[in-house]
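Taken verbatim from TrEMBL:
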DOMAIN    340-584  domain 'COPA/B second beta-propeller'
DOMAIN    626-767  domain 'COPA/B TPR'
DOMAIN    815-1218  domain 'Coatomer alpha subunit C-terminal'
REPEAT    47-88  repeat 'WD'
REPEAT    89-130  repeat 'WD'
REPEAT    131-172  repeat 'WD'
REPEAT    200-241  repeat 'WD'
REPEAT    244-285  repeat 'WD'
Amino acid sequence: MLTKFETKSNRVKGLSFHSKRPWILASLHSGVIQLWDYRMGTLIDRFDEHDGPVRGVHFHKSQPLFVSGGDDYKIKVWNYKTCRCLFTLLGHLDYIRTVQFHHEHPWIVSASDDQTIRIWNWQSRTCISVLTGHNHYVMCASFHPKEDLVVSASLDQTVRVWDISALKKKTASPGDDMLRLSQMNTDLFGGVDAVVKYVLEGHDRGVNWAAFHPTLPLIVSGADDRQVKLWRMNDTKAWEVDTLRGHMNNVSCVMFHAKQDIIVSNSEDKSIRVWDATKRTGIQTFRREHDRFWILAAHPEMNLLAAGHDSGMIVFKLERERPAFAVSGDALFYTKDRFLRFYEFSSQKDTQVIPIRRPGSTSLNQSPRTLSYSPTENAVLICSDMDGGSYELYVIPKDSISRGDSVPDAKRGTGGSAVFVARNRFAVLDRSSNQVLVKNLKNEIVKKGSLQFPADAIFYAGTGNLLCRSEDRVYIFDLQQRLVIGDLQTPFVKYIIWSNDMESVALLSKHAIVIASKKLVHQCTLHETIRVKSGAWDENGVFIYTTLNHIKYCLPNGDSGIIRTLDVPIYITKVSENSIFCLDRDGKSRVIIIDATEYMFKLSLLKKRYDHVMSMIRNSQLCGEAMIAYLQQKGFPEVALHFVKDERTRFNLALESGNIHIAVASAKEIDEKDHWYRLGVEALRQGNAGIVEYAYQRTKNFERLSFLYLITGNMDKLAKMLKIAEVKNDVMGQFHNALYLGDVRERIKILENAGHLPLAYMTASAHGLEDIVVRLASELGENLPSLPDNKKPSLLIPPSPVMCGGDWPLLRVMRGIFEGGLDAAGKGVEEEEEEAADGDWGEELDMVDVNGVENGDVPAILEDGEIGEEENGEGGWDLEDLELPPELETPRASTNARSAVFVAPTPGMPVSQIWIQKSSIAGEHAAAGNFDSAMRQLKRQLGIQNFVPLKSLFLDLHAGSHSYLRAFCSAPVLSLALERGWSESNSPNVRGPPALVCNFSQLEEKLKAGYRATTAGKFTEALRLFTSILHAIPLIVVEFRREVDEVKELIIIVKEYVLGLQMELKRREMKENPVRQQELAAYFTHLNLQVAHQRLALQNAMTVCFKAKNLATAGNFARRLLESNPANENQAKTARQVLQASERNNTDVSELNYDYRNPFVVCGATYVPIYQGQKYATCPYCSSRFVPTEEGRLCAVCDLAVVGADASGLLCSPSQVR
């Protein structure tokens, strides 16, 4: 059984598959109907209107309807699109067991505990027939898939077959009056719409289920007598054919399989059984531990079954449908219906090669699983799961492309899997001994090789190499050298597909695809929610793969996308340009034509083949939001710009790519304040003052305009802004503009008009305007403000601009391929070259400002200005003309104007960036200043989530790895990276790792200081020192492998002390709880401490317990203290006395949660013992142990990591990475 989907819910009593969509309805004993998508594994909807269990449910074949029947005597018809019940059919007088739609007519058949079967017309919403005759509960009733028959099963121990052909005639509209008259008589005096055709008797107990065969005149039934019976019928009679025995309890449901000659039944004995319908023998049994089965359903078109049980349901297949195949050049070999077939891709010719042996065993899933082909020897290896795994070797005769019914002699053997590894050698995996056996074509063992790892499957990996699958890893194994060449951790791999050049491999698992190199170096991983089915490489190195319902692609960098959707799953065999060759589930070869433009475009961008990109943009319809988003994400907004017609999107892309001119054109079209504002910000960033001014004018942002004119020194326009503010009666704006202009009289006038006479007076007197001072003094009279004494006023006038700046000068750079190429998309090549030779980027923008002044062609003005300055600039240097001899005069060379232009060198990569790229050690990332990546590393390696204690260390590391130099007073400070182990002999181009302020020797000093503080009893100080060591270790870096072990050992030592000191400090706080005091003192003695500290802990525990009159426990501590041979005579003497006292009276007054005989560790949070064998959670960093309830909380010992988090382990040395 291949389980495809499983749910956990209340008991499932009814199931129904949708004929087209991947949906299944499950009706529950709780009264809820669930609608599941079994492909995605999601609950789509739930319908909750029945009162009590719902036992029957069924989808309509073509309408968006389903019907349900429950213990509330109601039949409800639902529309799943509108998610509501359309109507309820009432008439049954007891529980309804099953409901079913007719495949053609608008009928529903229902079976009920009221001993009747009813047929309803769901269009007229009436009961059109009641079938009576059973004398006990009717457990099920269903229509025949083709004929006018109904079969029903009842607890009266019979199966009845009803003929409903008269009902069909009755519902057809009568053509003449005679028919109408007979119709009336029937209605008045009771008609015979449905008559019993056969009553099948043979079961000894009540019958729970009966079902028709989809095509043959057969019926199968299951009953409480634990038997499944097979019946045959003809036009006149029906009889029992055989009985299938094997179930151990009531048979709940039974049905014929639509595609195979098998019967499937399930039972309250918690099993599903599969029977051979022709041989009438059991093939296979599937059991559940605790759940009884109640219902079975078959998909109307696909090879899927579903079974409902006590705690949910399962959707499953009985057999794999994937044909075994192998591709070799232009040929495809595959198996279908017990034959090996050959398909030629170029001619699309399909021929039968040889028959292959039919499996002798009766169980399922014995068809070929894998196929391997050797083209030189024309030999085929076919592996199957028969006998626990076996293979057959066929050598195909040269003239075999014809149907020969004689099976060629096959060499056989057992083995988990077998593949060709050379021309005439194949490898077989012997799982029992974990060996690979290399055999020749005579099936003789040539070589044996033991694997150093457990393998459960092998695949071809180039001549002489095998790719071996373990549970969560794959390995490349060299058969000659018997070495592992490479390995990679992956989800459980099902299929392996090599690229044509054998340089890349795709590892397909159920929901993931891992792409790796031939040495298994990981390149990318793709995750899929829907199951991955197959894949193949195209000639460009793109991996094309299929899921259950899509054909998709994966680029070398891991980008993926959908090529097209699929109606039914397919298995790709080969990809050639835009053709996909594949096999379907019926084993038929198909060719699907795809549109490869999207992934070829992305691949060209990735490989920087910009000429291809250009031609594709010109010649194909590549627009779409997904493509635009992709181009933006990959840093090609200028390319996306050429796809977009929507002005808002164009505006955003233009801003992103810095194309200010297109942004202006789009902003004009949109003409919204927000867009003008954003345009102004971008233009300001580029130093394009003309466009900034234009944007501010369009938004009437006068304050920003005034400030712009101030910093660009445009006093004329600033004066105009003052007038505008005056007209708008904006007092504050007037005052600001007057301040920017340095117009003191205007400022005084504004203050006077606003009624601020004291301020006006002070402004006039500060600026020495005596005439105004006198006038204002007379107006103010006695309210004259006093000016501060001994203060010298200074004029508040902005400096006049030295140079009235236009736009910022721009460096000339090469025009990008996309700008030139895309703009000139219809022009000739010569024009393109001419345009490239001219330095302007596209057309310039002529703009008119508010006052009609043209800003004009800014770069052109700038160049003229530069030339003018050059010509006039000589005067300042006093350059005299040289009187040169005539022979030195040289003809003027015609130099390219461009050579005079300075092109700034491209900046190199910052050292901190080099450090981050070269290292995966958290301490070096912190030193480089990339705290984010350092935190990510620590979270991944050690499960750390609380970074507050590490903040100061991060800052110290960063500050300590950089030095700073002052340059000129106006230039910024220069930052210098300090490297570890730098010397003058080092190459200037090779960067060493960062210098670090904390090292391992400092931690050792701290450890000694902690020991001293512990000995002296300064526990708070000692705890601070040990905790600081724990906090520093994650960021420490050591050089050698042995030092890594020392660091890990240090973590264990310090962790023990931190836990012990925390317990001791806690004990000292608990004066009122002597029992808990004794427990904590006792636990302290079981930590791994230095011998001196162990003795002190034992003496302390002994004293505490002796004082509390727990003499037996105190005696144990005294014994352990004496065993440690204390050098201090006082310690030994006290211990001996306590031991004598305990031997005289070996009792404890109070009971402690402490058993020294049973080994234990102490929980780091609750301080309780965790004895051997008990469950615990661990801190991934300091390895402290905790009770399971602490999982997911912050570790109380290190205060950094989360208890129970996943972590890869401490990485503190470059030697670990190598």
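Easy rule for this one: first residue shown is 1, then count along the chain.
Backbone N, Cα and C atoms are what each Cβ position is placed from, and that goes for glycine too.
Keep in mind it's a predicted model, so treat the numbers as computed, not measured.
Annotation: stretch 200-241 has the most Cβ pairs under 8 Å to the repeat 'WD' (131-172), among 47-88, 200-241, 244-285.
Sorting each residue of the repeat 'WD' (244-285) by its DSSP state yields 0 helix, 25 strand, 17 coil.
Under 8 Å from some Cβ of the repeat 'WD' (244-285) lie the Cβ atoms of residues 1, 205, 208-214, 218, 220-224, 226-230, 291-296, 298, 300, 303, 305, 307, 309, 318-319, 362-364, all in the same chain and six or more residues away from its ends. Proximity of distant same-chain residues to the repeat 'WD' (47-88), defined by a Cβ-Cβ separation under 8 Å and at least 6 residues beyond the stretch ends, is recorded for 13-19, 23, 25-33, 35, 94-101, 103, 108, 110-112, 120, 122, 125, 300. Across the repeat 'WD' (244-285), the prediction's mean pLDDT works out to 91. For the repeat 'WD' (47-88), the DSSP counts in helix, strand and coil order read 0 helix, 23 strand, 19 coil. According to DSSP, the domain 'COPA/B TPR' (626-767) comprises 113 helix, 0 strand, 29 coil.
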